[in-house]
Amino acid sequence: MLAFVLPLQYGWSTSQLNLHKFNNVEDCNARPVVEGTCIMFPGHTKFQWTIVVNAWIFGGMIGAGLVGKFADRFGRKQVLIYNCGFIIAGAVIMAAVSNLWMFAVGRLLAGIASGATTGNVGGYINEISPPHLRSLLGAILHSGITVGILLVATTFFYMDFENGWRYIAAFPIVLAAIFLSMSPFLMVESPVWLLLKGRRAEAEAVLTRLFGTENVPVALEWIESKRKHDMEMQSSTWSETGNEVVRSGKGVPFSELIAPALRRQFIIAIGVACMQKITGINTVFYYSSDLFSQAGLSNARVSTIIIDIVNMLPTLVSGFFAARFGNRRMLLCGLAGMFISAIGVTLSLSFSWSALSILFIATYVGSFGVSLGPLMYVVIADIFPDYARATVTSIGVMVAWTANLIVGVGYPYISSALGNLAYVPFVVLLAISFVFLFALLPETSGKTNDEIQDEFRAIRQKKRREVTAYLQM
């Protein structure tokens, strides 16, 4: 459960600037700036603020892109510990500076930490969890993010004074301190990584701590059967180089990810990672104060709290729903709910239905909270064999951060251009995402990794037979 702490920093950073009083464009464009308004770096422009907001996203792309290699080399647990250095450095800089661009540097470092967290925690949880609990425990990552978003929103009621934002910026130091002080006692290294490194005795000790002495043989059988399966998969497409990858735990080359054995999984991973952000969820958490003001609500903070609670609550039960109904079904139902809600948001903004705008944004966020939010990380970790998991999770999360950057930078300008129709592009993207997952993603919930890989192999063989039959016609 200690892995829950670092995602709090991600959620905190997501919404720490989402207070109208910090950055309202009209207030910041006024000359002179009225006292008590635009309290963060008074007089900044819309472009400058967009850079500051999205510096965190750019940092996330860097952290997510690099963490896989470091996790394969140094271990999942050790990288999470190192990551606390970026959390502390980013928080100190943001809390102390008086220059907008230095604040952006702090946001960049915080983003590197957030990207490394999302690129590593999901795979780590997958590797220490038994198959029947993967979906349930995998939701921890997104649960931490949503709780962080809610916590920072509560500070807007009593930290909206001149230097209040500095205290908000400094809080992640506390999270890093908690993690660093408790991780030596509560966290274990991934037994999968230890076995990949040939450290069997340490892996058995970890499995004893996780599952009890009597269950170590069963747990080893899970892992060893997966390793054997992985080596068979690689030997069919990559021969000696693939086997060396499995033994060394140094990751996989990109050419192997797009080879037939992993191509379908890789396409699904990239698609799921992209749709988690490109469908517009973070427009709510970056710009909800502007969105609710546009809807005619006088106190956007209350509405933001409501939305953040709605964001958090489904996430807390999403693991149970996924275990009960399956990851695939939950993803498809969530996308359908987001699609309907995005249409509702567009209509409510167009006709100035303030109450309905809150309702539809809430259902939009709630649908995300039981589907794409937590299950992106679970699905990406599920569909790949052990030897490729850290590398692909890192790539997938980097893609998600890239999509996040596109939305974060582009939405203010889309909103200015389309006005009340700003959610129409997301309606289209949600429809495409639904069709994509319906066509490509098999069910992964409750299955061992061997069973999942066998299902993908059966799909490949079926496609090959269909192509052969077609060519012979």
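Placed from the backbone N, Cα and C atoms, the Cβ positions cover glycine too.
Pulled from TrEMBL:
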type	residues	note
DOMAIN	1-445	domain 'Major facilitator superfamily (MFS) profile'
TRANSMEM	47-67	transmembrane segment
TRANSMEM	79-102	transmembrane segment
TRANSMEM	108-125	transmembrane segment
TRANSMEM	137-159	transmembrane segment
TRANSMEM	165-188	transmembrane segment
TRANSMEM	266-288	transmembrane segment
TRANSMEM	300-323	transmembrane segment
TRANSMEM	330-351	transmembrane segment
TRANSMEM	357-380	transmembrane segment
TRANSMEM	392-414	transmembrane segment
TRANSMEM	420-441	transmembrane segment
Which of 79-102, 137-159, 165-188, 300-323 contacts the transmembrane segment (108-125) most, counting Cβ pairs under 8 Å: 79-102
Folded-back contacts onto the transmembrane segment (137-159), same chain, C-beta under 8 angstroms, at least six residues removed: 1, 3-16, 18-19, 118, 121-122, 125-126, 129, 165, 167-168, 171, 285, 301, 304-305, 308-309, 311-312, 315-316, 318-319, 322, 369, 373-375, 377-378, 381
Stretch contact, the transmembrane segment (165-188) with the transmembrane segment (79-102), Cβ-Cβ under 8 Å, 3+ pairs: yes
Two-stretch contact, the transmembrane segment (266-288) and the transmembrane segment (79-102), at least three Cβ pairs under 8 Å: no
